[in-house]
Amino acid sequence: MPSAPTWPALITTLIEGRHLSVSESTWAMRQVMRGEATPAQLGGLLVALRASGETVDEIVGFRDAVLEDALPLDADPRALDIVGTGGDPYGAVLNISSAASIVAASTGVPVIKHGNRGASSASGASDVLTALGIDLTIAPERVAAVLRETGITYAHAALFHPGFRHAAATRRELGISTLFNVLGPLCNPARPEASAVGVADLSRVPLMVGVFRTRGATALVYRGDDGIDKLTTTGHSHIWEVSRGAVTEHDLDPLELGIPRAPIEALLGEGVEENAEVIRRVLAGEPGPQRDVVLLNAAAGLEAFDLMGDPTRVQQPMARRLREKVTVAAEAVDSGRAAAKLEEWAAATRA
């Protein structure tokens, strides 16, 4: 009978170049979520994993423990999450996923966004949504009600995963991308069946794809060639399409969609309030590179949702599918529905 895991044994396993099993990973994350791991133990785990490179089994084990500990979110899982890992080399990319989520919801697709405050970036989803008037302090049951009333809601990680607070200081002090950047997009407590997920670190794409594939989930996983966890407009992006256990890879040039190239500087923000103001302007219909990148990423979410209902869509060229979805997203913005959706959502969280 194998002996019970210990922190020295697990960290030694990693620094010797070996990997943790699913059960060992689950044990370690349970310790973290319960506050039973010391900052030194957690820091050692995060750094050792970062150095050795996480495996799908390790991420599955960590994810299982996080969801086991999560507060329930009673919502129809036939919904969409648009999210990114963060951890890009710039540290100041606009909150594109948050804006894209609002646009997607304004087209009629139910959106359950999951996120947290910034740890490895200047402005996390929770930060910018607060600045946009979304009340993150509502009770978990109210979060589900807001989805039913408005078609969009936000699962604030600090609310639904209270155990994450035990890792916050260590993550902040390390200041690097860690396994938590990978876990975030995988731990939505509502378990939505469609996901559009940006991954900044190319080495971690197989992890994200592998977990979605193992779950039998539907997802578009993507990364800009400029290193951002978004479909970019500065150049090409790579997309990994996961459907029914199969993975199809695509290369995307925004020019194929009629979207002009933009300098990376146009996609960077200066802070929470500034990012919120950019989102307001985009939702109000202001043209420019910020609008273009939001529409592109909203299109990815819309395509992931449609793929969930019709897996045969994988047979069509990705550029054609996304071009159609960009048109849908643009119409939602230009009609005023996207801006109205933000106001409706904010009001519902304050009701």
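Easy rule for this one: first residue shown is 1, then count along the chain.
From the backbone N, Cα and C atoms, a Cβ is placed for every residue, glycine too.
Applying an 8 A CB threshold to same-chain residues 6+ apart, the list for Asn116 (anthranilate 1 binding site) reads Gly124, Ala125, Ser126, His156, Ala157, Ala158, Phe164, Gly184. The annotation 5-phospho-alpha-D-ribose 1-diphosphate binding site is assigned in Swiss-Prot to Gly84, 87-88, 95-98, 113-121, Ala125.
The anthranilate 1 binding site annotation in Swiss-Prot covers Gly84, Asn116, and the record cites sequence analysis as its basis.
What Swiss-Prot lists as Mg(2+) 1 binding site is Ser97, Lys230. Around Ser97 (Mg(2+) 1 binding site), the C-beta neighbours below 8 angstroms that are at least 6 residues distant in the chain are Ile82, Val83, Gly84, Lys113, Gly115, Ala125, Gly198, Lys230, Asn297.
For Arg171, the entry in Swiss-Prot reads anthranilate 2 binding site, with the evidence type sequence analysis. Annotation note: Arg171 (anthranilate 2 binding site) sits in a helical segment as assigned by DSSP.
The local packing around Lys230 (Mg(2+) 1 binding site), expressed as other Cβ atoms within 10 Å of its Cβ over all shown chains, amounts to 29. In the three-state DSSP classification, Lys230 (Mg(2+) 1 binding site) falls within coil. Taken from Swiss-Prot, the feature Mg(2+) 2 binding site applies to Asp229, Lys230.
Nearest by CA distance to Asp229 (Mg(2+) 2 binding site), out of the binding-site residues Asn95, Ser98, Arg171, is Asn95. Cβ contacts within 10 Å of Gly115 (5-phospho-alpha-D-ribose 1-diphosphate binding site), excluding its own Cβ and spanning all protein chains shown: 29. According to DSSP, Ser98 (5-phospho-alpha-D-ribose 1-diphosphate binding site) is assigned to a helical segment. Annotation note: Gly115 (5-phospho-alpha-D-ribose 1-diphosphate binding site) sits in a strand segment as assigned by DSSP.
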